[in-house]
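Take a look at the structure below.
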Amino acid sequence: MFAEAAKTTRPCGMAEFKEKPEAPTEQLDVACGQENLPVGAWPPGAAPAPFQYTPDHVVGPGADIDPTQITFPGCICVKTPCLPGTCSCLRHGENYDDNSCLRDIGSGGKYAEPVFECNVLCRCSDHCRNRVVQKGLQFHFQVFKTHKKGWGLRTLEFIPKGRFVCEYAGEVLGFSEVQRRIHLQTKSDSNYIIAIREHVYNGQVMETFVDPTYIGNIGRFLNHSCEPNLLMIPVRIDSMVPKLALFAAKDIVPEEELSYDYSGRYLNLTVSEDKERLDHGKLRKPCYCGAKSCTAFLPFDSSLYCPVEKSNISCGNEKEPSMCGSAPSVFPSCKRLTLETMKMMLDKKQIRAIFLFEFKMGRKAAETTRNINNAFGPGTANERTVQWWFKKFCKGDESLEDEERSGRPSEVDNDQLRAIIEADPLTTTREVAEELNVNHSTVVRHLKQIGKVKKLDKWVPHELTENQKNRRFEVSSSLILRNHNEPFLDRIVTCDEKWILYDNRRRSAQWLDQEEAPKHFPKPILHPKKVMVTIWWSAAGLIHYSFLNPGETITSEKYAQEIDEMNQKLQRLQLALVNRKGPILLHDNARPHVAQPTLQKLNELGYEVLPHPPYSPDLLPTNYHVFKHLNNFLQGKRFHNQQDAENAFQEFVESQSTDFYATGINQLISRWQKCVDCNGSYFD
């Protein structure tokens, strides 16, 4: 990714015309389903070298702190929104505006205020404005093969300036492991390791090393640019280990390649960037970003190639190249400070001694908390803890020792907890708490740490027998093979019936004050009013739909009549399909669909019927695609009569584009494949 690039005359960051993304039938998801949105790859059929995908940091060799551990306390904003002055997470001011854009993201890249988001322990809602990076990807991206730079990443949507784009996630490493990996690299290897350096206290710098080479996310595909459109900001949420969040430094248009300055700067070049050979003899890798201000070489951090005792962090005014992927070196020469050093700088007695000193100086708990966190880093002191000790001092007790307590332990062994849960996934958290003799909240907290979440069993249409599973497997595998040898998806005509309820409202929970009474909701009647619709469509679009009259049911004669009407419309819409290729009907095995009058009509019209296994609505495009979107459209709507329901359905079908129908048909391939992968069982 870093090693190869090509000069070009197109605007910096824009793909060439021949690199314009197409719409392949099957889209590879580089993110393996672990992001909010799939991340495609281009050109069709190509894929990056395999790596283990993770949307968040994972602990790597030599790391001081596990990035998945929760180390920050939460705010207590329950009835009021999180605001500076009242929310402990916003002690440095607001981070985002009403549009979820980073505030004060100046064109000079001078954004230096610490960013702390509300975390899992905060009592504010999930809709809090201070929760942005933790929500993951909000735009569609595509990994694509560049002309000579290897793989890159581009957006398929417009991204406003200041919006969060993605993280640079990977293994969090110790400095010795970073040096070991870098010294093992050859000239042809790409370097993905990034070092973030943050000023902490008294000239000390806190460093975070991240390597997505083997375990990472889409951030590993970002290429360097001397005029980048992204800016990297360390954002802390649950842990002292920052998330390396990339924000749009300007408005980014669709199909524009995403890039950032590997040195961590933004349009803030230093001198001596044109030095080709470094002091220790290593050749700089050339930069071909195509920017007007291109420095000709990729950024480089010589400190990572030196022994630990000789490695110093350079001043911003020193003539020394910066790291390939590091934050700007704008701090004085200073001692290397790791996260673990930061945590261990003060033990309990030392920090309690500071509490006592501040108390005797007459300072308040809030002021004491601010002073300590400003001096030793965020999260060192908690205001409620300081208040507890101040109350103790007020009583004349100035002992700094812990009082003996007979309560339950606040920690559990995660391996033991995992073994209990995996042995019986149906066990409750309270049963686990009783078995381990800990509080219920302790079990919940540790379950989150080991990545366990509670999920209900998923409803399935039927409890399949082995014969039915085998039939699903055989049909799906045969259709995959047939389509591979002779594509036929564009010949498929599919249909199904659905009841549309007059009342589509659902009872839902509400956030209310404790003494406030909930709203009333009428109990559903046993036989609600409804109307049945039959819809026929293909990849080219809608063909025909009709509604049953009240009291009317679908019979084989009625269904044969529907086929006749559909065929007449199909001849007007897709005459070539009817006369030359021949349509292929895909429907389920309902009794009217397989009755003799229906089979005679299909034989008369020359329709082929595609094999379909019983109890398989997950393999019918009308069920998994059209009706799914129709249900979302109807949610919350209420109709007074059949005409209102018919008008709503007509509004739904008229709002869909041709691509909507093609997408539903094209999903058949992936669904057949999932069925094969699950040996005929239902799949998620």
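Cβ atoms here come from the backbone N, Cα and C positions, even for glycine.
Cross-referencing C101, C118 against the Zn(2+) 3 binding annotation in Swiss-Prot, which names C82, C124, C128, picks out C118. In the record from Swiss-Prot, residues K149, G150, W151, R220, N223, H224 bind S-adenosyl-L-methionine; the candidate from Y96, Y192 listed for the same site is Y192. For the annotation phosphoserine, the record in Swiss-Prot points to S508 among the listed residues S259, S322, S508, S655.
Fewest Cβ neighbours within 10 Å among the binding-site residues C77, C87, C128: this applies to C128. Among the recorded positions C289, S508, D588, the residue whose Cα lies closest in space to that of C89 (Zn(2+) 2 binding site) is S508. Taking only the Cα positions, the spacing between K498 (N6-methyllysine) and D588 (Mg(2+) binding site) is 13 angstrom. The local packing around D496 (Mg(2+) binding site), expressed as other Cβ atoms within 10 Å of its Cβ over all shown chains, amounts to 21. A straight line from the CA of H224 (S-adenosyl-L-methionine binding site) to the CA of C289 (Zn(2+) 4 binding site) spans 7 Å.
Residues G74, C77, C82, C87, S88, L90, F116, E117, N119, L121, R123, C124, C128, N130 surround the recorded Zn(2+) 2 site, their Cβ atoms falling within 8 Å of the Cβ centroid of C75, C89, C118, C122, which are themselves excluded.
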